[in-house]
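Data block below; observations after.
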Amino acid sequence: MGAMADWLGRIPVLLVSVLSVLVFGLAVAFSVDMAMFSTLRFFEGFCLAAIRLSLYVLRIELCLPAWRFSMTLIANLIIVIGQLLMPGLAALCRDWQILQIVIIAPFVLMLPYVWMFPESLRWLLVTQHYKRAKQQMYRIAHSNSIATATDSSGILSELEAELQQKPKTYCVTQITGTRNLWKNTVVLCVNSLTGYGIHHCFARSVLEGSASHLHYYALAAIAISSCLVLFPVVAGFGRRGGLLTFMIITALASLLQLGLLNLIGKYSLLHDAVLQDTLNQRFSHAFSIIGMFSSHAVSTLSIFYCAEITPTVIRGGGVGLVLASAGFGMLTAPLMELHNQKGFFLHHVILTCCTLLCTICIPLLPETAGQPLPETIAEGEGLLRQPILPGEQHHLLARTEVREYSRVQDTPLHQVVNPGNGLVPSNSTANGMRTS
């Protein structure tokens with residue numbers, strides 16, 4: 001669905017997904033057997049993921065740089081609040097069929113989104129949907145009482161001259177021909193997979209042997225506190241610094257949980273076995289809570305980071321890759337349950353090694369705080385990392401040279417906004433000429 005959002009637009013995918021969720025979700029409530037229930041639930045979950053993806057991309061592209069992260073955190077908080085309402089709805093409805101209808105019915109309120117929110121103007125312009133872009137720009141100007149007769153920038157007149165241009169289509173597979181963009185996407189996919197996967201390992205240590213509903217609220221409280229702490233940390237250290245900080249905390253919590261507890265039991269001066277078990281359990285719960293807190297922050301920030309790094313032409317597919325990696329990380333939880341928790345320790349060790357690998361790779365990412373969103377693959381390739389420490393030695397291009405490489409010459413609108421640009425060779429990359 002991320003690729004479909006890049007081909008057709010964000011609003012059409014959102015509308016089709018909402019309609020599909022209404023159809024499949026209501027049909028689930030009238031399932032007659034397990035096969036029908038499982039099939040309908042699969043398609044319902046498929047469309048729910050598409051709604052989340054299209055709304056995420058649309059929100060990123062409509063927000064100004066200073067508001068992108070705060071609006072994303074507000075949306076995440078609303079998601080957690082919705083999770084907190086679920087036990088109350090279940091207690092009120094009693095019957096699962098009524099609960100299913102109550103959950104799906106509010107999606108009817110999302111149908112007017114097609115008229116409330118415009119299509120992403122960024123996507124329309126960069127993919128040369130100039131006719132739709134012209135209609136939308138005139139509609140926005142009319143709603144803001146702006147006279148279009150005086151076009152000082154020349155954008156509207158340039159649109160009139162280029163209305164016959166055919167729209168261009170892009171696919172997320174095109175990042176395989178890049179160097180920096182491909183590297184950044186892979187790093188964030190591994191971060192997302194590790195964050196969601198190791199979150200289950202920490203949660204299992206806390207919830208093992210307990211079926212109390214209070215633990216459900218405890219997990220939601222940890223998610224809320226993680227979002228609240230994430231904002232000042234990212235505001236102070238930036239996207240890359242915040243992601244590195246929480247990944248280090250996750251790795252330390254996992255290492256201490258795996259190694260320190262064994263050392264306590266081996267070298268402890270306490271001879272009371274019951275007291276040792278109590279001490280180990282308390283330390284395990286403490287490290288697990290810290291790990292859930294930081295791993296939730298890692299997962300949230302990885303998805304947002306990818307949305308800022310991926311260019312507009314393939315942003316839907318890029319965010320889809322990271323969300324798919326997150327889904328694969330969450331899939332490790334039921335896989336462990338199917339194996340009756342056999343090999344769980346090895347599973348936790350592997351994910352801990354992944355956190356250490358991510359800690360090494362995160363400094364390779366560029367910083368995107370306060371930067372405009374990249375529009376084309378060339379601009380996404382031009383996002384280069386900057387040194388974390390003031391004395392770090394690097395051999396990257398200067399900022400002025402990066403701008404020259406990241407400018408795009410394939411659309412007339414870029415020539416209007418950036419007149420006098422030179423042509424970029426077809427074999428050039430963000431760091432120089434491609435030799436192979």
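Glycine is no exception: its Cβ is also placed from the backbone N, Cα and C atoms.
Remember, TrEMBL labels are computer predictions, not curated facts.
Residues 70-92 are the range that TrEMBL records as transmembrane segment, among 70-92, 185-207. Remote same-chain partners of the transmembrane segment (286-307), defined as residues 6 or more beyond its termini with a Cβ less than 8 Å from a stretch Cβ, comprise 56-57, 60, 68-69, 72-73, 76, 184-185, 188-189, 191-192, 194-196, 198-199, 201-203, 205-206, 219, 222-223, 225-227, 229-230, 233-234, 239-240, 242-243, 246-247, 249-250, 253-254, 256-257, 260, 315, 318-319, 321-323, 326, 329, 365, 368. With respect to Cβ pairs under 8 Å, the transmembrane segment (39-58) is most closely packed against 313-333, considering the stretches 70-92, 98-115, 214-237, 313-333, 345-365. Model confidence over the domain 'Major facilitator superfamily (MFS) profile' (1-369) stands at 83, taken as the mean pLDDT rounded to a whole number.
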